[in-house]
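Asks: Before I ask anything, here is the structure I am working with.
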C-alpha cells in the first residue's frame, strides 16, 4: 500500500476557492512542493523546514482520518503543497468505492496517470509575481491526462498588473476551460480582512472595466470568513 | 413591442449569489413583486410606495441601457422584485441574437413560457421566516417550463432553525437540482459586515455538522464587498 506525506487532514468545512466554492469538503493537504511561490500562504506544507510537522502515513491511515472526520460520503479535496508529487491513486480508488468524490488542486507542473480518476481538477498555473516559471508542456500533459472528465477548471491568482495580463494570455491559450481569477495579496501573512475585500473589489473593477466577461472572480472565502486560521 | 417596469439597470459587476457567483453580469431589476418577504432587502423594487422610482420602458429602451453598460456580450441577470410578473421574451430574443446570455432569479410563484429561453434559472422559494407561503404546484410549473435546459438551480436563504429544516425538506423534494444555501439576516437594513460573516460561518458550521454534503453554502458576496450600497 502506498505511503503519503501529509501536512494535515481537516474538515469538514467548505471549499473556499474556485469552481467548488461553498461545497462541503474534507481537505487532505500533502507535504512538499516543487514550487516556492514568493507569496505562498501554505509554507507549512511547502518549506522543508516544516518537514518535522508532516506525517508519513499509509493510504489506509489517511483514509481512516477522512472517515473519522466525515463518516458519510463527502467531497475530498487534495491540496498541498503539490499533491501531484505523490500517489493518490489508491486513496481515490478506496474513496470512490465508498461513495466519496475527489477534487484536486495543482499548479500543473507535474502530471500523473491518476489525475484521470479525479472528479474535479483545478489547474492553477502561477503568475509572474510568484517568481515561478510555468512549463506549458507539462501543463498540457496534465490537461491531456484529465481529458476524460469535464470538470477541469483553471484558476489564477492575480497580485499585480503583470499577473493580470498574464492571466488573460493564459485564458486565450485555453479558452474552453472555466476560468477563475482570485486576488492575491503579496504579503500573505499580514492580510487584513479589509485588504482582502479591497483587493477583491479592485480585481472585479478591473475585470469588468476591460470587458472580460468569461472569467469568474472570487475571493478566498475561507480567508474572509476565518482569516489565516488553520483547520477551517 | 412589450413594455417593462424596471427598478434599475446596473453593472457590469459580478453576480453575488448562487450558482453564478463571481460571474460578470449586468443586472436588470424589475419593479413589482407578488411577495412581500418580511426581511426583503430590495423593498425599493417591491413595495408600491417606491413605484414613482420605477421606469416604464420599452424592451428596446432596456436593451439600449444594457448595451450602453456593456457593448460586448455579457451575462444579463433578470432580477426583481419578481421578473416573472413581466414579459422578458423579447429582451431575451434580442440579447441572444447579439450573443448575450440570460440568468433569472425568481421565487417560483409564477411560471411563464419564456422561462424556457433563460440560460440559467435560479428558483428561490422563500422559507418560513419570510412569512410567505410556497405554492408547490406553481413552483413545479416553473421547473416544467425550464426542463429543456440543464442550468436550473435552487437557492434558499436561511434565517433560523425553522428555515434550515424547511430547506432540507425542499432539497429532499427536488434532489436532482444543484442546491444553494445563503445566510439571511432578519434585519436586512442594519446588517454589519461582521454580522454577515458570522451568519455565514454559523450556517457553514450547521450544514457540515449535520453531514449535509450536497448543498453549497455561499454568502451574499456583494454585501460582504460593498455592504448595502446599490448599483454594484
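Glycine is treated like the rest: Cβ placed from N, Cα and C.
Below, the features straight out of TrEMBL:
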- B:14, B:15, B:16, B:29, B:79: substrate binding site (BINDING)
- B:20-228: domain 'Radical SAM core' (DOMAIN)
- B:33, B:37, B:40: [4Fe-4S] cluster binding site (BINDING)
- B:39, B:40, B:41, B:81, B:124, B:125, B:126: S-adenosyl-L-methionine binding site (BINDING)
- B:42: Mg(2+) binding site (BINDING)
Asks: Name them in sequence order: residues not among B:14, B:15, B:16, B:29, B:79 whose Cβ is within 8 Å of the mean position of the Cβ atoms defining the substrate site.
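Replies: Apart from B:14, B:15, B:16, B:29, B:79, the close residues are B:11, B:13, B:17, B:25, B:27, B:77, B:222.
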Asks: Among the binding-site residues B:14, B:37, B:40, B:42, B:81, say which ones reach under 8 Å of chain A by Cβ distance, listed as they appear in sequence.
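Replies: Listed binding-site residues meeting the cut-off: B:14.
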Asks: By CA distance, which of the binding-site residues (B:14, B:33, B:37, B:42) lies nearest to residue B:125 (S-adenosyl-L-methionine binding site)?
Replies: B:37
Asks: Pop the Cα-Cα gap between residue B:29 (substrate binding site) and residue B:41 (S-adenosyl-L-methionine binding site) into the table, whole Å please.
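Replies: Per the Cα atoms, residue B:41 (S-adenosyl-L-methionine binding site) and residue B:29 (substrate binding site) stand 13 Å apart.
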Asks: List the residues in the vicinity of the [4Fe-4S] cluster site, defined as same-chain residues other than B:33, B:37, B:40 with C-beta within 8 angstroms of the site's C-beta centre.
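Replies: Output for this site, in sequence order: B:35, B:36, B:42, B:43, B:46, B:81, B:126, B:130, B:132.
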Asks: Can you check which residues sit near residue B:37 ([4Fe-4S] cluster binding site), meaning Cβ under 8 Å from its Cβ, same chain, 6 or more apart in sequence, and list them in order?
Replies: B:126, B:130, B:131, B:132
Asks: Do any residues at least six apart in sequence from residue B:16 (substrate binding site), in the same chain, have a Cβ closer than 8 Å to its Cβ, and if so which, in order?
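Replies: Correct list: B:220, B:221, B:222, B:223, B:225.
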Asks: Take the C-alpha atoms of residue B:29 (substrate binding site) and residue B:81 (S-adenosyl-L-methionine binding site) and report the distance between them in angstrom, rounded.
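Replies: Approximately 7 Å lies between the Cα of residue B:29 (substrate binding site) and that of residue B:81 (S-adenosyl-L-methionine binding site).
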